[in-house]
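> Relevant sequence annotations retrieved from Swiss-Prot are reproduced here:
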TOPO_DOM  1-37  topological domain 'Cytoplasmic'
TRANSMEM  38-57  transmembrane segment
TOPO_DOM  58-64  topological domain 'Extracellular'
TRANSMEM  65-84  transmembrane segment
TOPO_DOM  85-209  topological domain 'Cytoplasmic'
TRANSMEM  210-229  transmembrane segment
TOPO_DOM  230-242  topological domain 'Extracellular'
TRANSMEM  243-260  transmembrane segment
TOPO_DOM  261-586  topological domain 'Cytoplasmic'
ACT_SITE  Asp298  active site, 4-aspartylphosphate intermediate
BINDING   Asp532, Asp536  Mg(2+) binding site
TRANSMEM  587-606  transmembrane segment
TOPO_DOM  607-624  topological domain 'Extracellular'
TRANSMEM  625-645  transmembrane segment
TOPO_DOM  646-663  topological domain 'Cytoplasmic'
TRANSMEM  664-684  transmembrane segment
TOPO_DOM  685-689  topological domain 'Extracellular'
TRANSMEM  690-708  transmembrane segment
TOPO_DOM  709-716  topological domain 'Cytoplasmic'
TRANSMEM  717-739  transmembrane segment
TOPO_DOM  740-757  topological domain 'Extracellular'
TRANSMEM  758-777  transmembrane segment
Amino acid sequence: MDKNKIMGLTQREVKERQAEGLVNDFTASASTSTWQIVKRNVFTLFNALNFAIALALAFVQAWSNLVFFAVICFNAFSGIVTELRAKHMVDKLNLMTKEKVKTIRDGQEVALNPEELVLGDVIRLSAGEQIPSDALVLEGFAEVNEAMLTGESDLVQKEVDGLLLSGSFLASGSVLSQVHHVGADNYAAKLMLEAKTVKPINSRIMKSLDKLAGFTGKIIIPFGLALLLEALLLKGLPLKSSVVNSSTALLGMLPKGIALLTITSLLTAVIKLGLKKVLVQEMYSVETLARVDMLCLDKTGTITQGKMQVEAVLPLTETYGEEAIASILTSYMAHSEDKNPTAQAIRQRFVGDVAYPMISNLPFSSDRKWGAMELEGLGTVFLGAPEMLLDSEVPEAREALERGSRVLVLALSQEKLDHHKPQKPSDIQALALLEILDPIREGAAETLDYLRSQEVGLKIISGDNPVTVSSIAQKAGFADYHSYVDCSKITDEELMAMAEETAIFGRVSPHQKKLIIQTLKKAGHTTAMTGDGVNDILALREADCSIVMAEGDPATRQIANLVLLNSDFNDVPEILFEGRRVVNNIAHIAPIFLIKTIYSFLLAVICIASALLGRSEWILIFPFIPIQITMIDQFVEGFPPFVLTFERNIKPVEQNFLRKSMLRALPSALMVVFSVLFVKMFGASQGWSELEISTLLYYLLGSIGFLSVFRACMPFTLWRVLLIVWSVGGFLATALFPRIQKLLEISTLTEQTLPVYGVMMLVFTVIFILTSRYQAKK
């Protein structure tokens, strides 16, 4: 080591690096700003069209017809709140502490904030401290805990020229190191930057509705102008009436009702899951989970409890019985600085008086797979993997491994401990085997079996030994436990090729976890990922839906879609049920909403076509006004579908939501179109007044809508019958109330119009039943 490194950087060198921007000051921010979120949810084509219609209605002072705009505002507000919450969630993510760093500059040791470090700074790190920046060891020795970053539960030995990763911790020892990377180039910074990418909202229902809105958005302006000019110039209606009638057609084409119900249903699902101790941090993830067909599990904390415990201690020599073994382990763990889960389990089991003072200690290393300690009056005690310490295989160790346990051997030597060149001594004697077990979660087997029955594929992705993971998976009832691979021994290309067919992935790095998820998504799967460590973050962010345990690392909780507050994997099916309930029920009642979209479009086309025929008596003006549609919606699209979305429905989600819903809505929409054409022509031939025609059409429109409500309520139950009675009764009560009649611009069915209504509804009911049965068969 040269003098410059011992002295550290000079103030001049520090200023030069600061001027060059080589400073450890980096904040990983989300890619989406608050303004971008607001803009994305407010300044949309859908909102712009509704706003333009609202302005037109306000301009002609048609105040009673502006009720619809409250729905638009609520939709935009819900979208903003949902995305802001997701942004806030990832903004909080931070893998680094803010503790002062001992830094050598101009030969003096000073305490600096991590963000004040520059490239080339010499820093001194001791046990228990976090590494503030990627650095190379200049002198000293340390055991580093990289579990938070890499998933490796064992400590990693770092000697001269070893690379220290930012975000990891020194478990033992002390080192003098030189900053190798700063700011965005640091390992932890790159990890945070990837994790802080705000994923776009993934809702197939909303995307389907956006497609529909996109289509209507392209035609709505020319349609609106044509309808307005037709009513104003050709039919000679007043400006207010022309605007109101034209607006009704345009509003009917925009699917705002089902968009509102979707958001409301998801919000209720969030509340229900919250009552069941499941925190939903991203509303649309409920829908996504309902569509999941590939669930990737982390072994620790998911299938197992994540709580290591000593299952058994098996003495291997008559010289040292169980009491002697316990005394040695008690002394060893009392002096040991090892903090990995296995050491903690042994320490918890063996407590008491320390019989042997410590002379020297060599911490456990994941490279060596063993640790050692020289104890006064005993010798050098070794604790580690049997295959690394013993020359021959111990049958009992193999049996324990096949049971899914971690096995350690306690051994003794009389040779002195060499810290500079640690190696296995020639006179080593095995004293005992320790079987360490991470218990299977109660109910895990039933949960896995149920998920399989629901057509959900399962994969286990773990940083542990694949043989151990396979054994644990077998005990948990995992069907494909025999299909596993050691990811530390294959390339990325090989991993991508094996991702679809392999069930268990062991020794997986954070990058490989993400790659597995990406490969599965490219294969067409909707993926969910469970995890609890920082090493899972990249995969959790990549998955369509991320689920973490509340007992997991705080960083994973901050970026997860769902957090299991009870840290119980067995809650996953309940979340699946809730998602399927929402998605299936929305698909079930969607035709009720799409009837209006279809008939509004068809009637608008007919109205425009009628103006091109050249005869004034054939010109058709859109027959409804916004307040009429709004009132009918209360009893057709409002309360009944809302109540029906709460019913249990856990069948697998069907594809092609929009296409199937449109086909189911088409017969009813055609009935409305036929009603308008027939009543207009027949009424004119019979000399009916516009009020009589408007009244009959109002009743027909409401009644055709009720046919779809009846279908949605089948098979009938007491509550569903009461729902139908409330809807039909509410519709009739408002239609017969004089004040409301005036507002709706209708009256009561007369002796001339009532029989026509009865005959038409009888025919429509028969047609509706026949078409519904035909569609059900298909």
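Cβ atoms are placed via backbone N, Cα and C, with glycine included.
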> If I take the alpha carbons of Asp536 (Mg(2+) binding site) and Asp298 (active site, 4-aspartylphosphate intermediate), what is the distance between them in whole Å?
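So the Cα of Asp298 (active site, 4-aspartylphosphate intermediate) lies 8 Å away from that of Asp536 (Mg(2+) binding site).
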> Please report, as numbers and ranges, the same-chain residues at least 6 past the borders of the topological domain 'Cytoplasmic' (709-716) whose CB is under 8 Å from any CB of it.
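Residues 588-589, 591-592, 636, 640-641, 644, 723-724, 727, 768, 772.
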> Report, in whole Å, the straight Cα-to-Cα distance of Asp298 (active site, 4-aspartylphosphate intermediate) from Asp532 (Mg(2+) binding site).
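Asp298 (active site, 4-aspartylphosphate intermediate) has its Cα 8 Å from the Cα of Asp532 (Mg(2+) binding site).
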> Any chance the transmembrane segment (587-606) and the transmembrane segment (717-739) are in contact, meaning at least three CB pairs closer than 8 A with a sequence separation of 6+?
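With fewer than 3 qualifying Cβ pairs, these stretches do not touch.
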> Would you mind listing, in sequence order, the residues at least six apart from Asp298 (active site, 4-aspartylphosphate intermediate) in the same chain with a Cβ closer than 8 Å to its Cβ?
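Counting only residues 6 or more apart in sequence, the Cβ neighbours of Asp298 (active site, 4-aspartylphosphate intermediate) under 8 Å are Ile460, Ile461, Ser462, Met529, Thr530, Gly531, Asp532, Gly533, Asp536.
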> Looking only at Asp532, Asp536, the binding-site residues on record, which one has the least crowded Cβ, with the fewest other Cβ atoms within 10 Å?
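The binding-site residues Asp532, Asp536 were compared, and Asp532 has the fewest Cβ atoms within 10 Å.
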> Do at least three C-beta pairs under 8 angstroms join the transmembrane segment (625-645) to the transmembrane segment (210-229), pairs 6 or more apart in sequence?
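They do not touch: fewer than three Cβ pairs between the two stretches lie under 8 Å.
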> Near the transmembrane segment (243-260), which residues from the same chain, at least 6 beyond its ends, have a CB less than 8 A from one of its CBs?
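Result: 46, 49-50, 53, 56-57, 59-60, 62, 65, 68, 71-72, 74-75, 206, 209, 212-213, 216, 220, 223-224, 227-228, 231, 237, 586, 590, 593-594, 596-597, 599-601, 603-604, 607, 621-626, 628-629, 633, 637.
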> Which residues, given as numbers and ranges, are at least 6 beyond the ends of the transmembrane segment (664-684) yet have a Cβ under 8 Å from it?
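Distant Cβ neighbours of the transmembrane segment (664-684) are 590-599, 602-603, 606, 617, 620, 623, 692-693, 696-697, 700-701, 704-705, 707-708, 756, 760, 764, 767-768, 771-772, 775.
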> The topological domain 'Extracellular' (58-64): mean pLDDT?
76
> What counts of helix, strand and coil residues does DSSP assign across the topological domain 'Extracellular' (58-64)?
4 helix, 0 strand, 3 coil
> Report the DSSP secondary-structure composition of the topological domain 'Extracellular' (685-689) as helix, strand and coil residue counts.
2 helix, 0 strand, 3 coil
> How many helix, strand and coil residues does the topological domain 'Extracellular' (740-757) contain under DSSP?
10 helix, 0 strand, 8 coil
> In terms of Cβ proximity under 8 Å, which residues at least six beyond the ends of the topological domain 'Extracellular' (58-64) contact it?
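The answer is 239-240, 243-244, 247, 626-627, 743.
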> Quick one: what's DSSP say for Asp536 (Mg(2+) binding site), helix, strand or coil?
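The three-state answer is helix.
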> Please give the sequence-distant neighbours of the topological domain 'Cytoplasmic' (646-663): residues at least 6 beyond its ends with Cβ less than 8 Å from one of its Cβ atoms.
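Counting only partners 6 or more residues beyond its ends, the topological domain 'Cytoplasmic' (646-663) has Cβ contacts under 8 Å with 204-205, 208-209, 211-212, 268, 290-291, 454-455, 576-577, 580-581, 583-585, 587-588, 590-591, 594, 598, 775.
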> From the DSSP assignment alone, can you count helix, strand and coil residues within the topological domain 'Cytoplasmic' (646-663)?
7 helix, 0 strand, 11 coil
